[in-house]
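Structure record follows, encoded as structure tokens.
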Amino acid sequence: MLSSQPLLHAAVFALAVLQALASDTFIAAVYEHAVILPDAADEPVSPNDALALMNKNMDVLEGAIQEAAQQGAHIIVTPEDGIYGWRFTRETIYPYLEDIPDPAVNWIPCTDPTRFAPAPVQERLSCMARNNSMYVVANVGDRKPCNSSDPGCPSDGRYQYNTDVVFDSEGKLVARYHKYNLFRRETQFNYPKEAEAVTFETPFGKFGIFTCFDILFHEPAVVLVSELQVDTVLFPTAWMNVLPFLTAVEFHSAWAMGMGVNLLSANTHNIGLAMTGDGLFTPEGPAAYHYDSETEKGSLLLAELSAHPRLSPTYPPTVNWSLYAASIKKFPGRKDTFLGAVRRDIFTFSELRRKAGNYTVCQGDLCCHLVYRMSNKSKDEVYVLGAFDGLHGSLIKYHWQICTLLKCRSTDLNTCGQPVETAHTKFERFSLSGTFGTNYVFPEVLYSGVQLAPGEFEVLRDGRLKSKHCTSKPLVTATLFGRLYEKDLPHLLRISQ
């Protein structure tokens, strides 16, 4: 005779699958986690101590997963570094790693925990998914032994990878992804020899997955969307915000709109390192997002999303990002440009000296065009139109083309490009465009207080980012981020390994 618990689990799972199959939508969740960090250590801790720290974090994540399940979520994404944090060397992270098999082995760690090497983290994550009848996405560390017959084998005889895992609603391991574009501080991990394009099918669409810094590069990000046609991207991240650009909610929302997919972005929360900002982003804009630079609390977000956004009647049309800007003559009188730095990037700026006007600013092959009218210009605020066409980054260099309507930090033009979160000036209208040399352009508007502007702007098919009406809140930036992947320099850190 079967016990009631397996029957209950089977019934809940069957109901969840039927609900997902009966609808063109699904409920997604992301959790921004304030990670409990290990003490700084010069020597590796014991495996028991490592597991104790990871269990503390998984206790918090399990609470978020249970809450999301109670609200009907079909999938939840948790952050990069969400189980063990950072502060590691190659040696000190080793006790936190597990050998993660290829998902083709058809393994449910929750019900068969001893099939592979001891894997208590995978077992617990699998049980979280199985017990709550939902997909669970987490970021963990994978270790793989190697030997001298492999010319790339590290001297300690193992590869170590920053790894995402996905467990389905039965607790089965269905996806494993090794981060390809490591950030410069991730010296504890190895680069995979080849970029992985990881996808898997669900009852609510085709999913792809990558991690944090990966979003800025052609492989795997563009490959998943443009070539493999995923509907939704899972995105564990530990994103350090860099105002006035590349704030997590700003750029991740822009990327989802520019690429035309759902992006489930789960960020680490650490205000000391300016890490915050997660969301459920769609081709039409953010369905839900969160940004909190004041408290130490985690945050759970849920939203109902289209399972197949390309089939939606509201799916944005194809955009020719340079059509409008390339068709107009340069507006006269723009000899008063000046150079200003956004971190290490040197922009060409022109101050908006009037409450309304037409402006053009050029740099390299990029010309940015702006038509605008301010509705309540503050005397203490200066706005500029800026253009950047060049390589960004220090050790890892990649090519941007950026057009931006930007508020300066003060009336001193030398502050243009410095971090700013607040503003007082609203715009009655604006239209921003550029002569981009790429079709990969990501649009977004950022309001005062690091707030997005869903529904308040549109992208026309000729490449104009245009306000629909007077901005409801003071504006900090309106930006078009263009990526010319083919002009990126070779990845020296990856080559050197």
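Yeah, the Cβs are placed from backbone N, Cα and C, and that goes for glycine too.
Small disclaimer: the values here were computed from a predicted structure and weren't measured.
Residues or ranges marked as active site, proton acceptor by TrEMBL: Glu80. Taken from TrEMBL, the feature active site, proton donor covers Lys179. For Cys212, the entry in TrEMBL reads active site, nucleophile. Sequence annotations record features per position, and here TrEMBL assigns domain 'CN hydrolase' to 31-307. Sequence annotations record features per position, and here TrEMBL assigns signal peptide to 1-22.
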- Item | Separation of alpha carbons, Cys212 (active site, nucleophile) and Glu80 (active site, proton acceptor) (Å) | 7
- Note on the structure: Restricted to the domain 'CN hydrolase' (31-307), the mean pLDDT of the model is 96
- Task: Mind giving me a neighbour count for the residue listed as 'active site, nucleophile'? Other Cβ atoms within 10 Å of its Cβ, every protein chain shown.
- Result: 25
- Pop the Cα-Cα gap between the residue listed as 'active site, proton donor' and the residue listed as 'active site, nucleophile' into the table, whole Å please. 9
- Restricting to the same chain and to sequence separations of six or more, state which residues have a Cβ under 8 Å from that of the residue listed as 'active site, proton donor'. Tyr161, Asn162, Thr163, Asp164, Glu186, Phe189, Pro192, Phe210, Thr211, Cys212, Phe213, Asp214
